[in-house]
Amino acid sequence: MAAPIEAVVATPREGKFNKNAARRVRVAGKIPAVVYGAAQDAVAVTVDPRVITKILHSESGHNTIFDLNVEGAAVVKAMIVDWQHEPIKGKLLHIDLKRIAMDKMMRVSVPIQLIGTAIGVKNQGGILDHVLREVEVECLPSDIPSHLDVDVSGLELHGAIHVSDLPHSGSIKFLGDENATVAHVTAVKEEAPAEVIAAAPSEPEVAKKGKTDTEAAPAADAKGGKK
């Protein structure tokens, strides 16, 4: 389960919600956000970007469930469901917060981490390819794993691990194709020796179809002459 974290305090926003208003919020050291979900009205708020950054950089990341304290409203459980960064400096610009009902199933994407060194890499000269880096699951909010660890140490050359092989308790359900490949060990492609490539006969030039610029010019002039 995602690790607990400090509560997020949010202040309701008033007035206009345009770019200039959002810029003033950021100048004041906060970022604009919206809170929605749990069959309640959406509320525009401001939050401390340092707390949000701490959550996003935690082990459970955006799957972290935390207490959301909107001034003037009851404390609720919430998650970060969307966020925007400034493209160059990476500063947070805006986030979406969703109220969470702890007794209802929800769908989230969970990161997959590979641990160990595959036999196929260690002893057989293969390459480990991590194909699927996260998997969508359905579970209660309290059962959301921060990540799934997959031991690949027993994976041989041409061997593969699929979604159906992922470790999990009966409290979560994998969604999508359970035959999807998570990771596999492939053989290293051998490059042809340089002397073989040099000795290979070059292909004859093939005349290009269509007219050259010179050939096309008279036709263009002819068209231009028509009125």
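Numbers here mean position along the shown chain, with the first residue as 1.
Just so you know, glycine gets a Cβ as well, placed from its N, Cα and C.
The domain 'Large ribosomal subunit protein bL25 L25' feature in TrEMBL is assigned to 10-97. Secondary structure by DSSP for the domain 'Large ribosomal subunit protein bL25 L25' (10-97): 20 helix, 39 strand, 29 coil.
Across the domain 'Large ribosomal subunit protein bL25 beta' (106-187), the prediction's mean pLDDT works out to 95. Per TrEMBL, domain 'Large ribosomal subunit protein bL25 beta' is recorded for 106-187.
Annotation source TrEMBL lists region 'Disordered' at 198-227.
Positions annotated as compositional bias 'Basic and acidic residues' by TrEMBL: 205-214.
Under the heading compositional bias 'Low complexity', TrEMBL lists 215-227.
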